Each structure stands twice: as structure tokens, then as C-alpha cells.
Amino acid sequence: MSDAFKPLLAKLADGQTLDDSDAELFFAACLRGEPTPAQVAAAVTAIRLRGETVGEIAACARAMRRAAIPLEHPYDVIDVCGTGGDGLHTLNISTAVGFVAAGGGLKVAKHGNRAITSKSGTADVLTALGVNIDATREQQRKALDEAGICFLFAQAHHGAMKHVSPIRQQLGFRTIFNLLGPLTNPAGAKRQVVGVSAPRFVEPIAKALGALGAERAWSVHGSGMDELTTTGETEVAEWRDGVVRLFKITPEAVGLPRAALADLTGGDPAFNAAALTRLFDGETGPYRDIVLLNAAAAFLVADKVETLVEGVALAAEAIDSGRAKAALAGLVAATNTEVPA
């Protein structure tokens, strides 16, 4: 079986790109464990050295989506997450944004994992907050119905990644697989705000989201962060109506003060959970400001507001009214309550 992949590997070794069908077939085979570890490593290394194309990113994501365990639901959900890998060890921003978005009336399917390069990933901080990250699909659906937000633990929904995980660990550098988390939401989110770890990925990820069927999506990188940032300028690529629009955002443009990166530095899951709790209890400052900015983007992408300034106001209301805190409490309750299958 592994001999069948040699022509494809030869193309990659020569610096050629894979067409969409070949890329999807190969990555689907990787998720079934058919190529040898050496072949998988050779392929992803060659793609990394040449640079991932939009077609390859979308094809790999499409194969991963098809191998995933989905969450069925009737909603127009949004996801707010990043690729990770920015190495800045900030507080959990997109996690907090998920609850603010739910508090503002959106249905949020938050896709995430444990920390890989950071000290506290989404799954880690949610566990510290009392969320059962190993919730059943029935519990996830209950949370989405009642709290407006569910958490989709990547390891539980993407079991096929077990075939490539050891290879990724042994390589120890970023490959195309590191870009796929935000592109493979098991709830089929058509609206997304995706943070990327480097400026060069901003436009390709937006185009890949479009190729995968997104209705409206932002791909963002903020001065070194895989988030919209209040520390400087954020680069944005928006996918909407079949085209990508590139622009930049500053915090001042939406009425928020600029922050220092040191003001956003996080710690272990307990530290970050405590900061998130204080945020929802009314603490103001740089953490609140960056959460407001990112939540505003979510409201805009979901067509809940018409401008980022309106989105900031709605995000502030979601926190100050207690609705964001209630969304967190609802997720904790739903994931720790037995629900019949």
C-alpha cells in the first residue's frame, strides 16, 4: 500500500504542489494510517519547506472533517479560536470571548485542545473552571441549547489524528497539521474568527475557510498574537461573499486603549481561570479590553452588529449584565449533568 504514495512524494520532493484531489486523498490516507511514518514525515516536511498552498490546507482540512465525529445541531454556530503557536503565553482570550459571545446571544461551538506550546490551552482552563471537557454529545448539545455554548474537545472528535500525532511530536516543528484545528470544527461552524500565529497565514487561512464553505470569516494576526490585539495593529483577512478583503485594525479605532504585552501574560490553568473569573465578576483593565475587541469581531462576523464599535458595546453589556458569567455557569452545569443518550 505504501508504494502507492511514492509518485506523490516524488512530486513534493521536487517542490511541486499537490492538486486538491491528490492532497485530500493523501491526507485521508494519513488519517487511516496507510502511509508509513517516514512517508508522512517526508510529505509534511516538503510542504513546510515549500510553503503550504490554500488548496493543500483546504484539502487536508476536508479530509480531517470527514474523519471527525460531528456534533449535530440546528444552529448557525460561530467558533472563535486560534492555531496557537505564537509562544507568548497570554491569558486565555478566545475562551473568554466564547462566553461573551454566548452572553450576547450567539450560539458558540468552541473547538479546542490542551496546551501544546502555551501554559494553558482552552481545555486546561475550562477544566480548572469546572467544565467537563469529556462531555458526551448529548451533554454538548444540552450546553449549546441552554447555555448558548458548548466545548468540542479536539482529541475526542478527531481520533484519527492518533495516526499522525507521534510523527508530529517526533518532528518537533510546525507542519500543515498545526493549521487545521480552527478549520475542522466538528459542529460545522460557518462563521469563524480564526487567529493565526504568523502574518503569512492571514490571507491563506481566510481563503481556505472560504473553500471549505464558510459564510463569513476573519483570519487575524495581531502583532505576534493569534488574536486581535490591543498591543498594536491587527492584520485581518475577511472572507465574505466569495472574496477576501484585507485591512488592519487598531484598538484606538474602536475606542479601546493600547496595552502592553506584559499586561496580558498568563500562567498555569488555575492562574488563567482566576483571571477569567475576575473578568466576569467585573474587573476592568487590559484583559477585559482585548476580550471586548475579539468578541466584537465575533458579533460582526455573526452579523449581530454592523460595526466593531457596536460589537465592543454589546460585548461590554454581555459581561456587565452577568450573561457571560451565566454562560460559563451553564456550560459547567450541562457538562456535569447526566443526559440520556
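The chain as shown is numbered from 1 upward.
Glycine residues also receive a Cβ, built from the backbone N, Cα and C atoms like all the rest.
The model shown is predicted, which means the values in this text are computed figures rather than measured ones.
In Swiss-Prot this protein carries:
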type    : residues                              : note
BINDING : G82, 85-86, T90, 92-95, 110-118, T122 : 5-phospho-alpha-D-ribose 1-diphosphate binding site
BINDING : G82, N113                             : anthranilate 1 binding site
BINDING : S94, E227                             : Mg(2+) 1 binding site
BINDING : R168                                  : anthranilate 2 binding site
BINDING : D226, E227                            : Mg(2+) 2 binding site
From the binding-site residues G82, T90, R168, D226, pick the residue whose C-alpha lies nearest to the C-alpha of N113 (anthranilate 1 binding site).
G82
Measure from the Cβ of R168 (anthranilate 2 binding site) and count the other Cβ atoms within 10 Å, all protein chains considered.
18
Expressed to the nearest Å, what is the distance separating D226 (Mg(2+) 2 binding site) and G82 (5-phospho-alpha-D-ribose 1-diphosphate binding site) at their Cα atoms?
6
Can you tell me how far the Cα of S94 (5-phospho-alpha-D-ribose 1-diphosphate binding site) sits from the Cα of E227 (Mg(2+) 1 binding site), in Å?
8
Check the binding-site residues H111, R114 for other C-beta atoms within 10 angstroms of each C-beta and report the one with the most.
H111
Between T90 (5-phospho-alpha-D-ribose 1-diphosphate binding site) and E227 (Mg(2+) 1 binding site), how far is it from one CA atom to the other, in Å?
10
How many other Cβ atoms are found within 10 Å of the Cβ atom of S94 (5-phospho-alpha-D-ribose 1-diphosphate binding site), counting all protein chains shown?
25
Of these binding-site residues, T90, N113, which scores lowest on Cβ atoms within 10 Å?
N113
Secondary structure at T90 (5-phospho-alpha-D-ribose 1-diphosphate binding site), reduced by DSSP to three states
strand
